[in-house]
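Reading through the structure tokens given below for one structure.
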Amino acid sequence: MINYQSIKPWLFKLEPEDAHMLAEAALRIPNVCQVAFNPFLESHFITNSILKQELFGRTFFNPIGLGAGFDKNATMIRAMQILGFGFTEIGTITPKAQAGNPKPRMFRHIEEQSIQNAMGFNNEGLLSAQKRLKKRFPFTTPIGINIGKNKLTPDTQAINDYTTLIKALHELGDYLVINISSPNTPGLRDLQNEEFITKLFEESKAITSKPILLKIAPDMSKEDAVALTKLAVLKGADGIIATNTTVDYSLVKEPKSIGGLSGAVLKEKSFEIFEAVAKELYGKTTLISVGGISSAKEVYRRIKAGASLVQIYSGLIYEGPDLIKNINNELTELIKADGYTNITQAIGADRK
């Protein structure tokens, strides 16, 4: 197996989006010859019972998931299991295919181990995602589907985009995620308000009993984050994902003027919002933490703060395909060291 750190300098000479497309091409190979990757699956997909838990009616063999935005079109689901992820969140999917924002729209901040992206929900649309999901359904590991509105859809009609997606996709995933927190679709974050949240969840829960989660932005006060998430849960949200990328450009030395920051610079900002939400909602709903996570120590910090699951994206780019295996092995030891026999005992330990 090729050592990732030896090829990373070469990959990083490519434009970030070109490198991603190259990685996607490689990660689509298991779709046609999965058996060739069985040795990698056996070594990287950790099945230690200490990490196993039941959520959303499914078994999660470990708590590490792929964050939305990496597999936009449901082309790499099999590969993510081979890399060791306990679950995968695809998307963001919009009703109609859209090209996203003009290029260049993805940038590396290598010194800060971070990514800045202004992709703009580029994806092949609902019909394409639906076709791929149907072809591979049911899935060995849980699948989340992240959904968003089209750029040209007026805010007054945004709910129609979300309900259209829910109707078409709810039977093809294990949970759905309402994305109104990306900074790359004009006006999208303005939908993080009481009126829209109330109507959205009322209509969505009338369509399906499948879990529907809300993903929030980090660029709001703790008080606003708590108020928004409490309202969402009251209106029917089955979980909260905190957080999306940040537009706090002071976190990097040479920021671009567009897009959201992810990776190491987001770690503390995302944790602060997550912790504030967890203090109010731990034990009342399922909490998923994402933002700047790239080590077992940080995963365990989020778990003890109240996260049942965590998600990783930028860390995978900087650390490579062994990251998830290494985290799960180290996380197992951290849980054991605290005297627990299962991850569920550690979840929310700091809230008890």
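Glycine is treated like the rest: Cβ placed from N, Cα and C.
These numbers come from a predicted model, not from an experiment.
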Same substrate site per Swiss-Prot - residue from Lys72, Lys210, Lys279, Lys284 joining Asn117, Ala118, Met119, Gly120, Phe121, Asn179, Asn184, Asn244, Thr245: Lys72
Candidates Asn31, Asn38, Asn146, the one Swiss-Prot lists with Ala68, Gly69, Phe70, Asp71, Lys72, Thr92, Asn179, Lys215, Thr243, Gly263, Gly292, Tyr313, Ser314 as binding FMN: Asn146
Cα distance (Å, whole number) from Asn179 (substrate binding site) to Lys215 (FMN binding site): 6
Three-state secondary structure, Lys215 (FMN binding site) (per DSSP): strand
Max pairwise CA distance, angstrom, over record-listed FMN binders Ala68, Gly69, Phe70, Asp71, Lys72, Thr92, Asn146, Asn179, Lys215, Thr243, Gly263, Gly292, Tyr313, Ser314: 20
Separation of alpha carbons, Gly120 (substrate binding site) and Phe70 (FMN binding site) (Å): 13
Between Ala118 (substrate binding site) and Ser182 (active site, nucleophile), the C-alpha gap once rounded to whole angstrom: 9
Distance from Tyr313 (FMN binding site) back to Gly120 (substrate binding site), taken between C-alpha atoms, in Å: 17
List of residues, in chain order, with Cβ under 8 A from that of Ser182 (active site, nucleophile) and at least 6 apart: Thr92, Phe121, Gly148, Leu188, Arg189, Asn244, Thr245, Gly260
